[in-house]
């Protein structure tokens with residue numbers, strides 16, 4: 001039972017005040033992929049980006065971006 005995921009809303013980010021959160025969603029997804037590429041999935045600070053984008057982004061977007069990343073068609077360079 002220690003593997004229970006605690007879900008909470010992402011905290012305020014001063015870079016995105018009172019605006020549509022789409023950019024914040026994308027930025028956290030991008031930051032997570034770059035962090036994992038550079039440091040690996042077990043690097044604790046990467047988990048903050050993971051939590052942020054899984055909270056902010058619709059699941060359909062994440063699935064599409066993951067598929068594009070696997071296919072090499074994601075419009076960003078995710079290598080470190």
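Keep in mind that glycine also has a Cβ here, set from the backbone N, Cα and C atoms.
Just so you know, TrEMBL annotations never went through curation; they're auto-generated.
Lifted from TrEMBL, the feature list:
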DISULFID  25-57  disulfide bond
DISULFID  35-46  disulfide bond
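Classification of residue 57 (disulfide bond) by DSSP places it in coil, neither helical nor stranded. The number of other CB atoms found within 10 A of the CB of residue 35 (disulfide bond), across every protein chain shown, is 19. Separation of the C-alpha atoms of residue 35 (disulfide bond) and residue 57 (disulfide bond): 18 Å, rounded to the nearest whole number. There are 20 other CB atoms within 10 A of the CB of residue 46 (disulfide bond), with all protein chains counted.
Under a cutoff of 8 A between CB atoms, and with a sequence separation of 6+ in the same chain, the neighbours of residue 57 (disulfide bond) are 25, 26, 28, 29. Other Cβ atoms within 10 Å of the Cβ of residue 25 (disulfide bond) number 22 in total over all chains.
DSSP assigns residue 35 (disulfide bond) to a helix in the three-state reduction.
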